[in-house]
Amino acid sequence: MLLPWLILIPFIGGFLCWQTERFGVKVPRWIALITMGLTLALSLQLWLQGGYSLTQSAGIPQWQSEFDMPWIPRFGISIHLAIDGLSLLMVVLTGLLGVLAVLCSWKEIEKYQGFFHLNLMWILGGVIGVFLAIDMFLFFFFWEMMLVPMYFLIALWGHKASDGKTRITAATKFFIYTQASGLVMLIAILALVFVHYNATGVWTFNYEELLNTPMSSGVEYLLMLGFFIAFAVKMPVVPLHGWLPDAHSQAPTAGSVDLAGILLKTAAYGLLRFSLPLFPNASAEFAPIAMWLGVIGIFYGAWMAFAQTDIKRLIAYTSVSHMGFVLIAIYTGSQLAYQGAVIQMIAHGLSAAGLFILCGQLYERIHTRDMRMMGGLWSKMKWLPALSLFFAVATLGMPGTGNFVGEFMILFGSFQVVPVITVISTFGLVFASVYSLAMLHRAYFGKAKSQIASQELPGMSLRELFMILLLVVLLVLLGFYPQPILDTSHSAIGNIQQWFVNSVTTTRP
């Protein structure tokens, strides 16, 4: 019975934030913080109940906790929520980054506090819904629902980019890309339900029943592409990434933390949970193309990151590069690579959130994100440059951080399946060190390039230090002791891999 509350608490909290703004600007902040704290506590409570590492019978999805209530029975639509090790880890990550998103916008957001927190809470509620929904209609409902508040977050509270583009442009671009891709997925979901109805005479949107839908290989390939396009836009996969750099560079800090830390993960989760098990043969056929797209993403993201002058755009392109590794892992069919992908998703969520929070703190002090205006900042403020150095080396996959474990497991698992692609993508790690260190050098070393950068700047407050040090501790912990994550995700990931590999060997009619 905890599952519906994981989704309801952020929605109710967001509504309260909006309505209590009249009692003072601090009230919505505290309500939002308590709301996300409660959501995180509930998800940790579910984790502590355990049972996630039990072995499962292959090919049958088994959930640790489930909630099912009829919604539109005539079409077989129900409010069907379920959690296993994979979705649990994503929900915990959402809760944690939700708390940090509220904290990092404590001083940054000054206008429409209540409405800001309404949008922030509803994005997080929608994301948790995506991770828990097992009814395809409900999944699509939450998938679309998290887009509208994100649009408002960028359009109303965004910053003007250093290249002069406006926040409205960025928000509209984000909305058009994601709406168009969502429409493609809706068509694919409806077509899948219709194919199932033709075969069985039963209308259903239930994921477990749709898993065994008999269909021809041509139909399966088309439907798989519908799902893949929707997830590829959100992930983002080159060449469908056009919305990401603009959305990141114009979004407020909380928006960037949510985008990089959580929203991109919904796409990787969608591929693992829906795309592979529903269309295993088509996915296996499409795998080489998807992996090469991942390789292109790794190099394109790295080169574009190196060329940026806006520090937030640089970090946005690093996300394109890192998610390329995850895409390669998803299509290998190797359990080791899958577990690496889960660790990489969590580590990237933490390290990207850290970098964006530090960017926000830097922007509050010098009021620019243009690295051509920085330089020489290392000696001008306490803590912030040194912590930026930590997150930069975490991003390039330094041993001892979670990013290294994730990338190593992905490359190790993929090498057995696609050695050529693995060897080529390894060079992407070299480029990662180039753009990470270039960012540090341009911003913190050398001579001060403007009046702003040459004056003494205030150090970090306790709130700012707490957020960043929490992320540092978690990343190092993940780097040295990833076992709890591996144990939790093991059976869920093993199940997806079994389904994918077994179905490929015993092809459909």
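Note: Cβ is positioned from N, Cα and C throughout, glycine not excepted.
Among the features that Swiss-Prot reports, transmembrane segment is placed at 1-21, 30-50, 83-103, 122-142, 222-242, 259-279, 314-334, 340-360, 383-403, 404-424, 426-446, 465-485 (among others), with the record citing sequence analysis. Annotation comment: Swiss-Prot describes 22-29, 104-121, 195-221, 280-285, 335-339, 447-464 as topological domain 'Cytoplasmic', evidence class sequence analysis. Annotation source Swiss-Prot lists topological domain 'Periplasmic' at 51-82, 143-173, 243-258, 307-313, 361-382, 486-509, citing sequence analysis.
As a quick check, the transmembrane segment (404-424) and the transmembrane segment (30-50) miss the bar of 3 or more Cβ pairs under 8 A, pairs 6 or more apart, so the two do not touch. Within the same chain, residues 161-163, 245, 248-249, 256, 356, 359, 362, 369-372, 374, 439, 443 sit at least 6 positions outside the topological domain 'Periplasmic' (307-313) and bring their C-beta atoms closer than 8 Å to a C-beta of that stretch. Through the fold, the transmembrane segment (426-446) approaches residues 295, 298-299, 302-303, 305-306, 311, 314-315, 317-318, 321, 324-325, 362, 371-372, 374-378, 385, 388-389, 392-393, 395-397, 407, 411 of its own chain, all at least 6 residues removed from its boundaries and within a Cβ separation under 8 Å. Same-chain neighbours of the transmembrane segment (465-485): 89, 96, 100, 103-104, 342-343, 346-347, 350-351, 353-354, 357-358, 383, 387, 390-391, 394, 399-405, counting only residues six or more beyond its ends whose CB sits under 8 Å from a CB of the stretch.
Taking H, G and I as helix, E and B as strand and the rest as coil, DSSP gives the topological domain 'Periplasmic' (143-173) the counts 21 helix, 0 strand, 10 coil. Helix, strand and coil residue tallies for the topological domain 'Periplasmic' (361-382), in that order: 9 helix, 1 strand, 12 coil [DSSP]. Beyond the topological domain 'Cytoplasmic' (104-121), the same-chain residues lying 6 or more positions past its ends with a Cβ under 8 Å from any Cβ of the stretch are 10-11, 13-15, 17-21, 25, 28-29, 31-32, 35-36, 98, 149-150, 152-153, 156-157, 252-254, 257-258, 357, 360, 364, 463, 467. Note on the topological domain 'Cytoplasmic' (195-221): DSSP counts are 15 helix, 1 strand, 11 coil.
Through the fold, the topological domain 'Cytoplasmic' (335-339) approaches residues 272, 328-329, 409-410, 412-414, 417, 486, 489-490, 493-494, 496-497 of its own chain, all at least 6 residues removed from its boundaries and within a Cβ separation under 8 Å. Note on the topological domain 'Cytoplasmic' (447-464): its mean pLDDT in the predicted model is 71.
Broken down with DSSP, the topological domain 'Periplasmic' (307-313) shows 4 helix, 1 strand, 2 coil.
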